[in-house]
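Participant: The following feature annotations were taken from Swiss-Prot:
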type	residues	note
BINDING	10-17, 57-61, 120-123	GTP 1 binding site
BINDING	182-189, 229-233, 294-297	GTP 2 binding site
DOMAIN	4-168	domain 'EngA-type G 1'
DOMAIN	176-351	domain 'EngA-type G 2'
DOMAIN	352-436	domain 'KH-like'
Amino acid sequence: MTKPVVAIVGRPNVGKSTLFNRILGRQAAVVDAEPGVTRDRLYQEVDWAGRHFILVDTGGIESQAGEDMANRVFDQVRRAMAEAQLILYVLDGNAGLLEEDVQVAALLRRSSKPVLVVVNKVDDFSRPLPLADFYRLGLGEPVPVSAAQGLNIGDLLDLVVAGMPAGADEPRSEPVRIAVVGRPNVGKSSLVNAILGEERVIVSDVPGTTRDAVDTLFRRDGREYVFIDTAGMRRKARIRESIEYYSVLRAKKALERSDLALVVLDFTDGVTNQDQRIAGLAEEAGKGTIIVVNKWDLAEGSGVSASRYQEEVRRELIFIGYAPVLCVSAVSGLGVPKILDTVESVMGEYRRQIPTSMLNRILQDAFMISPPPARKGKRLKLMYCTQVATGPPAFLLFVNDPGLVSPGYRRYLENEVRRALGFKGVPVRILFRRRESK
């Protein structure tokens, strides 16, 4: 059964993201004093008292939505309200009830969705609570909280889960978590939207439009995926604003909590030094990786074939040469359906377990075909080996002396494992441990 969705809405800077982070117990949304910092819908699963639901943080609703970005944020809020079973309408207890709040309340009443009025920034519960004005909204009894201090959050969550239908939190298999990383404006958000078939992530020609690592839940054929769309990573020297700084950290953290990375390149730019750095982060994090060359529709008439360009990309990213390279267009949809199929293939390799007998046969053959060079009169000897991890696969080789392993021979063994077993799109870790021969 699908988990219920709870959407947090309200005008800018009332503390929606602070409440979102408080409920999650970690900083998932960028929090800043600048109004409108959260622009996209952020999705996270919450477990409260054994009940599970999806919490959605949205951008602030602007009553004077003259700017294009404000209109886009408003559209994101509208979509979140459409898919939510419950809405948390957050207001500022310090500012009191404003005309914008009344206008938003009217919008919520028209939605016919259940609403909990959450009065935030109530930092002192020993004084009379400033709630009288908020009853005027006609949306029920206000719930006072302090998201910053964590006051009354438990009572709020009790109210949230109280109205959920029985069985709504049945456990399901874990979704595949996919980090979408790349330089600013290579089309990461457009690509996610093309896969999803709807605009969940704000798309703009302005680099850096996506500020948060935006978690988007997606289902296909009974399989769940979570796309983590990060702000584009810029060169370190360019990072001056705190929001850009946090976005770079968020991209790295997104890789840490993902299973697989889509490293997005821009066909019109070729492979840049920054692309190499970002691909390197995915490799260092030990994630399954797919290289996605976006804007391939612009290759038409250029005389460049997909196979030739893919080889060029592999040469430029030779350190991650095991990663599949897909040429797609988020605008036209060209090649986009292949992405999830490739994700499934790579995830199968990422979680693959090799029988110990097969692994020993492969590596013993590798030692026989090309024996390791002697060093200081000693030669590396393999006793036996075993797989010690998946995601990514890691193999532990028990040898007479790990100090005899050269970087070149380690690469040779990895290549032999790949030649025999594949592991397309997946880093392979070869580890060594001393064991004296009997």
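Here the Cβ of each residue, glycine as well, is placed from N, Cα and C on the backbone.
Walk me through where these features lie, including what they touch and how far apart they are.
Facilitator: Classification of Trp296 (GTP 2 binding site) by DSSP places it within a helix.
This prediction places the mean pLDDT of the domain 'EngA-type G 1' (4-168) at 78.
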Participant: CA-CA, which of the binding-site residues Asn13, Lys16, Thr58, Val122 lies nearest Gly182 (GTP 2 binding site)?
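Facilitator: If we rank Asn13, Lys16, Thr58, Val122 by Cα distance to Gly182 (GTP 2 binding site), first place goes to Thr58.
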Participant: If you count, for each of the binding-site residues Asn185, Lys188, the other Cβ atoms lying within 10 Å of its Cβ, which residue has the minimum?
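Facilitator: It is Asn185 that, of the binding-site residues Asn185, Lys188, has the fewest other Cβ atoms within 10 Å.
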Participant: How many neighbouring Cβ atoms, not counting its own, are there within 10 Å of the Cβ of Gly182 (GTP 2 binding site)?
Facilitator: 27
Participant: Can you tell which of the binding-site residues (Asn13, Thr58) has the fewest other C-beta atoms within 10 angstroms of its C-beta?
Facilitator: Asn13
Participant: Sort the binding-site residues Gly10, Lys16, Thr58 by C-alpha distance from Lys188 (GTP 2 binding site) and give me just the closest.
Facilitator: Thr58
